[in-house]
Ligand SMILES: Nc1nc2c(ncn2[C@@H]2O[C@H](COP(=O)(O)OP(=O)(O)OP(=O)(O)O)[C@@H](O)[C@H]2O)c(=O)[nH]1
């Protein structure tokens, strides 16, 4: 199996910086000759430093999910840095580490991660200092300080870059998931889920600010025949074009369209009454009449029936009542021969069963 194929870009991208940081770590540890002379742990540490970037890349710790795994890796990085400080037996770099970490945090806004890795880092240094051996405050050799300083700067700027990329990727992914969960994949308009969760807040806003809200139920006429005679590919293309035409007929920033199901769509018009809603439905009707939809060298004309309700007719309608009224009006429109517009006002005399 080629491991490159299964490695997530985050783990892959951080491999080289981590390897270089480990190299600098090894150099700085070697520069501290006194420790090299007497400590077996020193050699273990070197071994770990050299193997860590490979482990971090090829064997995701604790989680198969690469991003989660990279967060764990960052904590191991923090432990690694703490051991580095202990080995060099100086607090000289601690202030530098802290300053760089704070700067990183300001830059990447990744405070939670910063705090938890900082806690890991300092608790390890403290535990070592209290229970194992007091850290000698004597400064390390000049060579160790130089290479170690380079290590600290490089290591933590890498850490910041990783955090930054992680955060950016997560934000991007979240936005993508959110957009996908709200969008109808075929037509690109909002889906039923979005309608169900947003109509209520739209209605509350309209009641709070005391303006009317209009809801149009639009249903393409005889859509089954189109599917049956020309196939679902044509039907799909017609649905897409229909949504395109509807979006051209409504106000960009205020109104929105959601697919209720099949060939039924709901158009929500904030700050609009039945009159405004009827005007919008007429505009859509006109666009449909003027526009032939071309699919696979054929062109099609479609018509649509509309049922319109408004939260002030009668007053203070709730979400489900608003939808119900528009649906009933749509039923009237279908029964009146299709390609026509009916409003909730016309319901009382012709209430469908
Ligand atoms: N191509 C395509 N067809 C769909 C999709 N969703 C639902 N349909 C079809 O839409 C048709 C809806 O048919 P009906 O509910 O009978 O409505 P209609 O033929 O438009 O009749 P009226 O609404 O009474 O004018 C069915 O044939 C469904 O299979 C879709 O995503 N793509």
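From the backbone N, Cα and C atoms, a Cβ is placed for every residue, glycine too.
Keep in mind it's a predicted model, so treat the numbers as computed, not measured.
When the ranges 15-33, 167-185 are checked against TrEMBL, the one recorded as transmembrane segment is 15-33. Residue counts for the domain 'GGDEF' (211-346) under DSSP, helix first, then strand, then coil, are 63 helix, 38 strand, 35 coil. For the domain 'GGDEF' (211-346), the mean pLDDT of the prediction comes to 93.
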